[in-house]
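*Asks:* Quick one: structure below, then a few questions.
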């Protein structure tokens, strides 16, 4: 998603923080649900695929990994398309591609064909929906953005609760081929969501002057790499993704390996998703509190630490009850991470470079996504011990939380006051409020605290500089 500066529309258009934005939020909720729940929901079919094609855990894990890698790694392409054609047309095409991929997968005769259809084609379609929906949400909400992000992110667990048992039901009645065909039809709802993405209209020009002008578009904006906070965030997020998606991919197979019936094993993802439903809006609400919002980067670091620690303790589960407890705590921590990751990035870089920043971050994460679940599957094939997979995932997420925390403490907080980063021009005077070409701590302060500037003076804090 987003390796380019998106067409943000005319300057001077204020985010409505409501109105049609609630319809946009609903569409983003559904798109997020499909985008993040699908890679986990298809894991329900892994056992059947292994029997059908005579493959191992690592081979089936590549399906989810490729799907996620396409969702993350095709951001620059998606951004260029959005800049050229707008959010709504790109989302319509994406919905058709996502559906076509799953329908074509139902006719596959080899695992390679599954990689190309379910992984590449469906992943590309979901990417062309996911990024524009986030961009539209960012345009429609400002003061209510943390809670809007939390509500939209709740689409992932809601759909996970529905898609996992639905996938098991479809597999029992129609086999994996029939299940893929029906899921492909469900993905056509992405086109309905695309119709909700109504562009914001610029206010009409007054009698004495021109109306707001559209900002210049750039296909690739690498200036965000001059932002030290962005570099730290990108490094931490890339490490986090190595282990973040591994437990949901393997927890169902783990339960089946313990002798748990298929239906009860699939119910674990429902438990995880149900807890996640409440965790994401709650985390968004907490992050939006005036006293908490300036420190959202620390809250995000804690969420990653909590998630990694849960993976480590979950490795000790030896029965179905232990896995249920693990899914409860994993759902809480996973929901916190999901609700805060884009809110923190928006706060770090500001809205002007958000689309470029998110695309570059997710492009880096795509590499980690391709490594994470398959490496877990390879470890499982070599040892046949699920505990080792969970320990590896937990260690990776814990390392990411420490990178973000220590990077913020030592690289950001100790920078001398008023010092500029290498390659940056000095900050404009306090009374020059119209100069918004670069993102400085004043803009981050504005988005973190949502408070108006007073007499051109803003209190710069280390927390709001990252």
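Every residue gets a Cβ built from N, Cα and C, even glycine.
Just so you know, TrEMBL annotations never went through curation; they're auto-generated.
Features from TrEMBL:
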- 20-38: transmembrane segment (TRANSMEM)
- 21-411: domain 'Major facilitator superfamily (MFS) profile' (DOMAIN)
- 50-73: transmembrane segment (TRANSMEM)
- 93-126: transmembrane segment (TRANSMEM)
- 147-166: transmembrane segment (TRANSMEM)
- 178-197: transmembrane segment (TRANSMEM)
- 224-245: transmembrane segment (TRANSMEM)
- 265-283: transmembrane segment (TRANSMEM)
- 295-314: transmembrane segment (TRANSMEM)
- 320-342: transmembrane segment (TRANSMEM)
- 354-373: transmembrane segment (TRANSMEM)
- 385-406: transmembrane segment (TRANSMEM)
- 418-466: region 'Disordered' (REGION)
- 421-460: compositional bias 'Basic and acidic residues' (COMPBIAS)
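So that I understand the layout, could you describe where these features sit and how close they are to other parts?
*Replies:* For the domain 'Major facilitator superfamily (MFS) profile' (21-411), the predicted model reports an average pLDDT of 84.
Within the chain, the transmembrane segment (93-126) has long-range Cβ neighbours (under 8 A, six or more residues past its boundaries) at 31, 34-35, 38, 42, 49, 53, 55, 59-60, 62-63, 65-71, 74, 132, 177-178, 180-181, 183-185, 187-191, 193-194.
Remote same-chain residues near the transmembrane segment (265-283) are listed as 37, 40-41, 43-44, 147, 150-151, 153-154, 156-161, 164-165, 167-168, 248, 251-253, 255-256, 299, 303, 323-324, 327-328, 330-336, 338-340 (criterion: CB distance under 8 Å, separation of at least six residues from the stretch ends).
With a cut-off of 8 Å between Cβ atoms, the residues of this chain six or more beyond the transmembrane segment (295-314) that come close are 146, 229, 236, 240, 243-244, 246-247, 283, 286-287, 322-323, 326, 329-330, 332-334, 336-337, 340-341, 343-344, 347-348, 390-391, 393-402, 404-405, 408, 448, 463, 466.
Beyond its flanks by at least six residues, the transmembrane segment (385-406) meets 232-233, 235-240, 242-244, 246-247, 250, 253-254, 257, 297-298, 300-305, 307-312, 314-316, 372, 375-376, 379 of its own chain at Cβ-Cβ distances under 8 Å.
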*Asks:* Any contact between the transmembrane segment (147-166) and the transmembrane segment (20-38), i.e. 3 or more CB pairs below 8 Å with pairs at least 6 residues apart?
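*Replies:* Contact criterion met.
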*Asks:* Among 20-38, 50-73, 224-245, 354-373, point out the range having the most Cβ pairs under 8 angstroms from the transmembrane segment (320-342).
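*Replies:* If we count Cβ pairs closer than 8 Å to the transmembrane segment (320-342), 224-245 scores highest.
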*Asks:* Would you kindly list the residues that approach the transmembrane segment (178-197) from elsewhere in its chain, counting only those six or more residues past its ends and only Cβ-Cβ distances under 8 Å?
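*Replies:* Counting only partners 6 or more residues beyond its ends, the transmembrane segment (178-197) has Cβ contacts under 8 Å with 23-24, 26-28, 30-31, 34, 38, 45, 87-89, 91-92, 94-96, 98-103, 105-106, 118, 122, 125-126, 129, 132-133, 136, 163, 167, 170-171.
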*Asks:* With Cβ-Cβ distances below 8 Å as the criterion, list the same-chain residues six or more beyond the ends of the transmembrane segment (50-73) that contact it, or say none.
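*Replies:* Contacts of the transmembrane segment (50-73) (Cβ under 8 Å, skipping residues fewer than 6 from its ends): 1, 35, 38-40, 42-43, 110-111, 114-115, 118-120, 122-124, 126-127, 130, 176, 241, 245, 249-250, 253, 362-363, 365-367, 369-370, 372-374, 376-378, 380-381.
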